[in-house]
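Notes follow the structure.
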Amino acid sequence: MGRYRIQVATGAWIFSGSFNRVQLWLVGERGEAELELQLRPARGQVEEFEQDVPQDLGPLQFVKLRKHHSLVDDAWFCDRITVQGPGALEEAAFPCYRWVQGEGLLTLPEGTARLAGNNTLDVFQKHREKELEERQQIYCWATWKEGLPMTIAAGSIDDLPSNMRFHEQKRLDYGWTVIAGLIEMALKYVYTLLSPWKRLEDFDQIFWGQKTTLAEKVHQRWQDDELFGYQFLNGTNPMLLRRSTSLPSRLVLPSGMEELQAQLEKELQKGSLFEADFILLDGIPANVIQGEQQYLAAPLVMLKMEPSGKLLPMVIQIQPPSPSCPTPPLFLPSDPPLAWLLAKSWVRSSDFHVHELQYHLLHTHLLAEVIAVATMRCLPGLHPVFKLLIPHTRYTMDINTRARNQLISDGGLFDKGWSTGGGGHVQVMRRAMAQLTYHSLCPPDDLADRGLLGIPSALYAHDALRLWEIIARYVEGIVHLFYHGDDVVRGDPELQAWCREITEGGLCQAQDRGFPVSFQSRAQLCHFLTMCIFTCSAQHAAVNTGQFDWYAWVPNAPSSMRMPPPTTKEDVTMDTVMGSLPNVWQTSLQMFATSLISQPPPDMVPLGHHQEEYFSGPEPKAVLRQFQADLGKLEKEIVARNEQLDLPYEYLKPSLIESSVAI
């Protein structure tokens, strides 16, 4: 006879506990024992009890549990179960972190990470095969739009697996945030009904409510060329700027602009000429909102880097050359102030759409969903890569399903207020998908390709590289614990299936754009896993967190333009500018939407600080502690640097990076 001490931990979320009775069994190498007691788990509690078992079970392998119900199936969220056996020096941990529903038998394996084996009689091998078979029936792929990444097969959040949905408190918090935002938006709209909307100062009428310090600075300085250039380096879209290696072929300089050409060539030779080209938007049909035609453009802006680190615009071409206009007008800082301001507004509006559709929605949200679905379909809970990645998939399927139903759906926010709505947004994402490369998702490669390494004023680039290095060390520490050589990587069938599932399945045959279809070495695996974690956490923070900072003052980043681009400079008046910028309704909608999708949620989990213990044993936990220490060191460096800056760059401060795409 031996005495076992059992601890059962229940989640802290609303409704995590259950009134139903829970029955437990212990399964060891030498036998199985049904425990006499039956639990009624309470929310947020760890219930501990001891049980005498007559036979010697040997080393524990599984805990089985069944939840009984008579009238109501009251779901229970089980965090984990730990068992201290007779004579055992350490507890055996059985991670769960999922909802227990119905009356089926749930089997939890002991939490030590294991690779797949070849022994079909191995009880753990049988368990992982059964688990994947069940998961592949639950987590199915679907096509939302042809030419875009695959998604989870769920028409609404009610169709999602319960373990992928917001917890109840998160759902309530999100719902109240939406309601509060809608009320504020309605009040702003009503407040301006009888007020004029003829001057830029009239935007102040609705620039109230919750604001950030940076949003107020943008409000004050948005017309400055210095702030215009700064946003390409450190704004909410630092992904488009690149160093020029030649003058773009689309930049047709008419006669009389020889001085500008000489200036551009001089900066080019010095290596201080940069460009941002929005050709992705060329020919995209613009939306019609409330019966009013909207407009899009595909600008090109050339900028120069001063020795001080300031990035200043030199020339803007709003539209590329076309048969009907082989020499489009070029706008310069020396032009009439309103003409130059309107040209910059066209650039900022275009940046809004490219940012939201290419670099935010596609490069982070949709890619993170592919990673999440493939992980659930191909990697069992015992796999070390599953344990490594699962904290970085939290809530991703839920928030993306909401986006497909509320944001980019027919009649969603894009259709209601933004010039790429009405179908143009899907075309933009299809073009962006065709350009999506593996390199573009890895900062060391992407920043090198864009010529942005070693620029002191490029704060996103600096912080992204530091985070990449820290995540890479963390990934390497975990991978090397379980893969002792390249041959082990090549021989892992579950890992190889996961790789193919992402590249050939979720990303629709993306191998021709550099994505791997197999892993041949530990280094290759580590690089790919670093990309996955960076994309789901740091990169999403970089392009998401600052949206309200930079977009709340709508003239700085108009979500729609209501007049065609100017073809002359002298005819631009204040009426032209105000007639081009969003109206009151569109402005209120943009402020609401950017506030909603960039607010940190109350249950935000910072990178590296998830509470779930998926790994058992001291070695993986030591690797995680070192990861947390490295992130803490970077945090201090960024805080110290930001104290010296007029515009602190905080989007990649580790404590502000959510560990998954959850908003």
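Glycine too: its Cβ is placed from the backbone N, Cα and C atoms.
Since the structure is predicted, the reported quantities are computational estimates derived from the model, not experimental observations.
The domain 'PLAT' annotation in TrEMBL covers 2-114. Here TrEMBL flags G17, D74, A75 as Ca(2+) binding site. The site 'Essential for stabilizing binding to COTL1' feature in TrEMBL is assigned to W99. Per TrEMBL, domain 'Lipoxygenase' is recorded for 114-663. Annotation source TrEMBL lists Fe cation binding site at H360, H365, H540, I663.
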Give me the long-range Cβ neighbours of A75 (Ca(2+) binding site): same chain, 6+ apart, Cβ under 8 Å, in sequence order. F15, S18, W99, V100, Q101, S162
Hey, how far is H360 (Fe cation binding site) from G17 (Ca(2+) binding site), Cα to Cα, in Å? 36
Within 10 Å of its Cβ, which one of these binding-site residues (G17, H540) has the largest number of other Cβ atoms? H540
Neighbours of H360, H365, H540, I663 excl. site residues, C-beta within 8 Å of centre, Fe cation: L361, T364, A368, I399, V543, N544, I597, V661
In this predicted model, what is the average pLDDT of the domain 'PLAT' (2-114)? 91
Tell me the Cα distance separating G17 (Ca(2+) binding site) from I663 (Fe cation binding site), rounded to the nearest angstrom. 26
Starting from the Ca(2+) site formed by G17, D74, A75, give every other residue of that chain whose CB sits within 8 Å of the mean position of their CB atoms, in sequence order. F15, S16, S18, F19, N20, P41, W76, F77
Measuring Cα to Cα, how many Å separate D74 (Ca(2+) binding site) from H540 (Fe cation binding site)? 35
Does H365 (Fe cation binding site) have same-chain partners at least 6 apart in sequence with Cβ under 8 Å from its own Cβ, and which are they? T396, I399, N400, A403, H540, V661
For I663 (Fe cation binding site), list the number of other Cβ atoms lying within 10 Å of its Cβ atom. 20
